[in-house]
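The block underneath contains the structure these notes are about, expressed in structure tokens.
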Amino acid sequence: MADVDNTPVMEETFETTEEPVNMEGAAGGAKFLDPETGEPMYKWPVDEKHRCKVLKPWRFDRPHHRAFFYAWSSFFCAFFGWFALSPLLVNIGKFSPDIGISEKEDRVTSNIIGVAGTILMRFIIGPVADRWGPRWAQAGVLCIFSIPAYLVGTAQNFAMFCTARFFIGMLGGTFVVTQYWTSIMFAKNIVGSANATSAGWGNLGGGVTNALMPQFVNLMEAFGLDYNMAWRVAMVIPATFTLVIGILLFFFADDCPDGNYRFLIMSGQKHATNPWVSFGRAALNPRSWVLHLTYATCFGVELVMNGNLASYFQTSFGLDEGTAGLIAALFGLMNLFARSLGGITSDFGSSRWGMTGRLIVFFLTEIMEGLMLLTFSRMTVLGAAIPMLILFSIFVQMAEGATFGVVPFVDPRYTGGISGIVGAGGNVGAVLLNLIIRNVSPTSDAFLYLSFVVLGVSFFVLLLIWPFKIEDSMDGPEQPAKVIVEESDEEVAEVRVSDAAE
């Protein structure tokens with residue numbers, strides 16, 4: 001068989017009068033067909049499965065970049081609502097004594113319950129996304145579990161408060177859908193960066209909520225409410241953001257490059273995936289559980305910090321709620337770039353050394369995370385603790401980004417199920433690691449023991465090099481495709497590119 005030359009063939013189109021046919025709605029999304037051949041056309045270069053080969057986060061083009069926007073922004077809103085109560089817990093304990101969280105053990109128990117709810121949802125939502133598509137999965141979680149975020153303000157005792165936090169924690173399942181969505185929208189060369197950036201900007205909600213929720217409560221107090229009522233009313237704000245973004249993404253985004261799952265299945269272009277088969281295949285893959293464990297010590301650590309840092313700075317350094325919240329927010333704000341940096345570094349390692357390069361990056365970032373946490377735990381002066389907190393956060397986020405630079409390669413046919421198991425590892429880790437925080441005093445010593453766990457678990461990454469080797473492939477059945485490429489840097493006319501030529 002003759003070799004195929006994959007070099008794109010450029011055909012000038014700016015002199016033609018023919019326009020691509022807009023097929024919006026034909027498969028549930030914005031798709032264009034070449035008027036001559038009827039083949040799909042896209043604004044940016046795509047691979048054989050129509051996954052985009054470039055990431056331009058500032059774009060809003062359908063289908064790839066609009067899906068990217070809604071993937072990270074929906075997770076951001078979910079994270080904001082999920083941890084909205086954490087920076088308020090100390091003062092809720094003081095001014096709402098009926099809630100019963102005045103002691104450290106009660107606050108940590110509340111945090112454990114808040115992340116425990118996510119474990120079940122993360123196991124479930126991945127196979128659901130495989131079967132019904134990321135739009136239905138993401139919108140369903142956001143809209144349904146915005147309800148307990150609205151209702152937590154009606155809590156009158158510890159049981160009601162923790163029950164509401166358990167169901168609010170279900171919002172954390174949106175992470176799995178976010179990673180699944182970008183995995184099916186972006187090609188092998190850029191998927192690590194796309195996954196890391198979408199998750200990192202979503203995780204940014206954890207930092208923003210630490211900074212803004214105390215200010216929202218102050219605003220309610222400025223309107224004349226006492227603290228007991230102010231925090232309850234303030235919770236309406238993150239609940240509303242969560243509900244609105246869920247509605248928007250359902251109506252204005254696409255499940256995959258070729259449209260929405262429902263229409264593709266009805267037209268015979270896609271086979272309906274059995275969610276139980278998806279979960280079963282993921283669960284029987286030992287690589288899933290290795291990544292589950294390692295993710296427990298990066299994202300799990302982030303959840304622990306999001307739930308405890310504000311209280312830690314208040315009790316250990318004598319800061320007020322607003323100042324402690326702003327400093328704690330620095331940890332989450334590193335998501336603005338650090339998780340993306342982990343994905344970009346993973347992609348770079350892959351370009352040089354294949355999957356081994358990705359795993360080396362993963363291993364080194366986990367090791368550095370543990371060392372930075374160990375150093376932070378020994379800081380007793382605020383001026384030294386803050387820069388160490390920032391360095392520690394950078395390596396936590398990089399390790400998370402490096403993790404999901406590997407996930408799409410474990411079993412590309414069941415990425416949703418794999419993402420669910422790995423994502424749930426973060427919450428399992430948060431529950432177990434929060435037990436160290438709950439039972440060890442002072443909290444600085446608990447952080448020290450936490451660093452030992454991170455350092456030990458990091459060596460499990462080496463199992464993915466041997467014996468559970470991961471193949472460096474996301475290949476699938478070839479499909480014909482044409483793209484429209486815009487030479488935006490030079491601002492010249494668009495040219496039509498044939499993806500392959502004999």
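For all residues, glycine too, the Cβ spot is worked out from N, Cα and C.
What TrEMBL says about this one:
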type	residues	note
DOMAIN	67-469	domain 'Major facilitator superfamily (MFS) profile'
TRANSMEM	67-90	transmembrane segment
TRANSMEM	136-152	transmembrane segment
TRANSMEM	158-178	transmembrane segment
TRANSMEM	229-253	transmembrane segment
TRANSMEM	289-305	transmembrane segment
TRANSMEM	317-338	transmembrane segment
TRANSMEM	358-376	transmembrane segment
TRANSMEM	388-410	transmembrane segment
TRANSMEM	416-435	transmembrane segment
TRANSMEM	447-468	transmembrane segment
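By the Cβ criterion (distance under 8 Å, sequence gap of 6 or more), the transmembrane segment (67-90) is not counted as touching the transmembrane segment (388-410), fewer than 3 such pairs being found. Taking pairs at least six residues apart, the transmembrane segment (229-253) and the transmembrane segment (388-410) share fewer than three Cβ pairs below 8 Å and do not count as touching. At the 8 Å Cβ cutoff, the transmembrane segment (158-178) and the transmembrane segment (289-305) share fewer than 3 close pairs (sequence separation 6 or more) and do not count as touching. Contact between the transmembrane segment (317-338) and the transmembrane segment (416-435) is absent: fewer than three CB pairs lie under 8 Å, with pairs separated by 6 or more positions in sequence. Within the same chain, residues 115, 203, 206, 328, 331-332, 362, 366, 369-370, 373, 393, 396-397, 399-400, 403, 406-407, 410, 418, 421-430, 432-434, 437, 450, 453-454, 457-458, 460-461, 463-464, 468 sit at least 6 positions outside the transmembrane segment (289-305) and bring their C-beta atoms closer than 8 Å to a C-beta of that stretch. The transmembrane segment (447-468) and the transmembrane segment (136-152) are not in contact, since fewer than 3 Cβ pairs between them lie under 8 Å (pairs 6 or more apart in sequence). Computed over the domain 'Major facilitator superfamily (MFS) profile' (67-469), the whole-number mean pLDDT of the model equals 93.
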